[in-house]
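Read through the structure below, which is laid out as structure tokens, and then see the notes.
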Amino acid sequence: MSHIEQEERKRFFNDDLDTSETSLNFKSENKESFLFANSHNDDDDDVVVSVSDTTEGEGDRSIVPVRREIEEEGQNQFITELLRIIPEMPKDLVMELNEKFGSQEEGLSLALSHYFDHNSGTSISKIPSSPNQLNTLSDTSNSTLSPSSFHPKRRRIYGFRNQTRLEDKVTWKRFIGALQVTGMATRPTVRPLKYGSQMKLKRSSEEISATKVYDSRGRKKASMASLVRIFDIQYDREIGRVSEDIAQILYPLLSSHEISFEVTLIFCDNKRLSIGDSFILQLDCFLTSLIFEERNDGESLMKRRRTEGGNKREKDNGNFGRTLTETDEELESRSKRLALLKLFDKLRLKPILDEQKALEKHKIELNSDPEIIDLDNDEICSNQVTEVHNNLRDTQHEEETMNLNQLKTFYKAAQSSESLKSLPETEPSRDVFKLELRNYQKQGLTWMLRREQEFAKAASDGEASETGANMINPLWKQFKWPNDMSWAAQNLQQDHVNVEDGIFFYANLHSGEFSLAKPILKTMIKGGILSDEMGLGKTVAAYSLVLSCPHDSDVVDKKLFDIENTAVSDNLPSTWQDNKKPYASKTTLIVVPMSLLTQWSNEFTKANNSPDMYHEVYYGGNVSSLKTLLTKTKTPPTVVLTTYGIVQNEWTKHSKGRMTDEDVNISSGLFSVNFYRIIIDEGHNIRNRTTVTSKAVMALQGKCKWVLTGTPIINRLDDLYSLVKFLELDPWRQINYWKTFVSTPFESKNYKQAFDVVNAILEPVLLRRTKQMKDKDGKPLVELPPKEVVIKRLPFSKSQDLLYKFLLDKAEVSVKSGIARGDLLKKYSTILVHILRLRQVCCHPGLIGSQDENDEDLSKNNKLVTEQTVELDSLMRVVSERFDNSFSKEELDAMIQRLKVKYPDNKSFQSLECSICTTEPMDLDKALFTECGHSFCEKCLFEYIEFQNSKNLGLKCPNCRNQIDACRLLALVQTNSNSKNLEFKPYSPASKSSKITALLKELQLLQDSSAGEQVVIFSQFSTYLDILEKELTHTFSKDVAKIYKFDGRLSLKERTSVLADFAVKDYSRQKILLLSLKAGGVGLNLTCASHAYMMDPWWSPSMEDQAIDRLHRIGQTNSVKVMRFIIQDSIEEKMLRIQEKKRTIGEAMDTDEDERRKRRIEEIQMLFE
């Protein structure tokens, strides 16, 4: 190394060395900016460049007089354009170029080329090696570089700089790091830009919609380099643009003043810039006071929801849910959040993992002398670079790595299954709670009280009150403020506006929130999800919480109205947003399906042991003013029970603006108060966030919120999003955040990451126990009697077989043609209709042509259903003729005449006896006559026929041994409804289905072995329930069985009456409840019954499991036997295989509607294999 270079290095770092030289030689690595400190090139590779001091006043040269002088003389368009490009051009040169090139077609281009060729003696050279590398420095990556480490020997004259001023409403800003950024010139300059010149970043002035910049998944679909411009601050003139990766960071952040940037030119090779040339900037980054200001979350949230609710880009993709789609505002919010993540990564800001160590290190730095750093010392620089790279992996904040392990570790430590087993048991006071809780329910009560931070009322193990007391919210990270290494602080000793001497700041980079105060865990939402398996007593558990903590202890006896809690849901009209709603601090609102309203009411009565507490059923206009009842009376109800339908109706009325301002102020409905606690039962009912029901429930306001559901996921993982949103779990309730960490990985088939994130989100707020779990002593949580599920496979009846084969042929042709042409998805609706028909035939031929409101495959306006009606009617007639008219007309008349001779009047039928069972007299409604004139019970005769067929024996009359035919039988029917006269008619076996025949047989066997049993029969088709009701009523007399039917067509009063009557044991006769799987598959307590029959399979096995668990749950004392009727060699057997597949891989694997359809197509192909 030369003596001159050694001397230069000493002068750079030592104030005591002086010189009178007017020029300073420095390396092309531009070591006057600390950003080049990590360079460690060999001396031989260094390029020495001479930069002369600028003549005094040259930087202030003005072009305004030249322009004004030319304007006075008049100018043409050529001169205007020329001065716009090169405003510094002298007047004589402007006029010369105008005279030479002004009249030519490409004159402006020729003039610029001539000017740059003849007015610059500086040759173009390359930028130093690797200019695109973004070298960064902040105090977190290299604390040894401080402003005091640099001692320039004299004050240099830098390029033009404005006096630094804070933006509007910004009170301070603080340095967080700097980037070395390579710019590309988009306009030429007349002379070299001076070192230290201040630049400015601007966004494109053109208003661009977020949808043009980002796609629906938040991914960039347009170049951002063209949207961020670099301006010379002296002339406010664009000179260049930044690279794409830097523009992706800057573009979203330049829209506000929360992040501030100072841009300084640090290298342009001491030459004028031509279009396409590169130059290097130092980008100093600051956080301003605005980003730390406490935000009006209620207002922003309301605005976000309003936009979301009315967004026209959100499309309905089917009945099973909708793909989550972001609004413009949500896309912009996500882009800003991602930009923050990338910026912190670029700056290599590391979160503080040990605050105590960070404080000790900070004290050492304050007390130590400034260190002189030799930038030319390769060993020192390489060590610093190594340290930076070793720490780089710790500074990745983007969502791909997301530092999820730390989050999951915390959650698992706080809410692992082992920790749940060791939870203390809280016993409710006998003064308020009448029932006896099981041990796991007492532990659950402890967990729920802790979730509501009612530590004084929960059993203590010495740790509860301290849990999370001073622990930082795991969604946030702690950072140490770096020393100010900005260019202005380093070179101009310019102090930025100071903030109070804080050492740390806190950031939730995933939500874009910042704080100067430590965000502790207690700020998290009160409430959670109780997701115990069906039958473990979620209703009783909820009431144990409500009665143990019936009111808000922070408010009761202090004030009646919560003035501070005035947030109004943004789903309501804007006229509501300024109204302060009273706080019902003593009331819990419980929202349930209508079918469970009576059950919840009865359960409260059973559980409540306090005369001071009561409940109110808010249904059917029974309360004139709910607001008055809850806030203006001394003893408001402890619980208000209502239904999803009531919530939806009130929200719809208000949200459509039907109420005036005055009406709103005196409104007395559910939205007129803020509740202390809100509990929603069967919470999966709000899983589709675009439905009216979901929006209505979201609009309810409460301090504590609980969701009860045994099946939080029905069809898609995104079903959980609505539960998270209802519970206000930040930042997960922000759709952009949910999409980034859950939906997008899931759609990308990265199931493990998506489920890991979901587990991390839900683990602290979700409690789930199953019947198979054991307590700390190894005993089952609940001792339930055994449950037996039997599949009974049945053959088709002859009429069913004929129908099924005809429909199967048509379905196979449609499916195979779709596969051959590759348009199977386009035939999706048609195929569903074919499948529906096949399923209906398996149940009963009478279902053919019906369109059931409960069927999941069809919408109510599906035209394909009705289009097949004529064809199916024709087919049914063919079947009827084939099986019912086995007699010719002459044969039928002759047989009837022979029977009339034997049985001339009604009295002759009174002595009829069945030759098989010897019953006398027979029930004439069930009597069948053979051609030989002998009579038998319908049931006995067909059992005989079935036995003979199974043995491949011929059918002969049990009496006379003459040949008989099952299709040539006669029955007795009344001539009309008002007459008692009986006549013979052909018996129609086509009206019987295999399942109904088998059901009747099973019910008769049960009646014979154990009279007085209560039986539940499930079907998803309400039309099938009608047929079953008719068959059962016809088969069993009122003395033998009582038939009930429960489906969606019943009113609340009728439902209550049916369930109450069915629950009463009658030892003299059988009670049979026909139950719609959709109306009664969840929530109902049917432990009074111990026998169930599933008449048809459901696509989702979890729905069937829920239905069975209506019987097999707490309170059941008998063994439960379930029989599933399946037609062999039919579509139903293949549906069983699909169910097993779903049980194996989980039902949450459907991502969006298109993905769900593709999976269903795979299932369809399985059905027709």
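Yeah, the Cβs are placed from backbone N, Cα and C, and that goes for glycine too.
So that you can see what the record holds, here are the features copied from Swiss-Prot:
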COMPBIAS  302-317  compositional bias 'Basic and acidic residues'
DOMAIN    519-730  domain 'Helicase ATP-binding'
MOD_RES   Ser2  N-acetylserine
REGION    302-327  region 'Disordered'
MOTIF     681-684  motif 'DEGH box'
ZN_FING   914-961  zinc finger
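Remote same-chain residues near the motif 'DEGH box' (681-684) are listed as 529, 538-539, 542, 590-593, 596, 600, 707-709, 711-714, 719, 723, 726, 1082-1083 (criterion: CB distance under 8 Å, separation of at least six residues from the stretch ends).
Helix, strand and coil counts under DSSP for the zinc finger (914-961) come to 16 helix, 7 strand, 25 coil.
Across the motif 'DEGH box' (681-684), the DSSP tally of helix, strand and coil residues reads 2 helix, 1 strand, 1 coil. Over the domain 'Helicase ATP-binding' (519-730), the average per-residue pLDDT in this prediction is 79.
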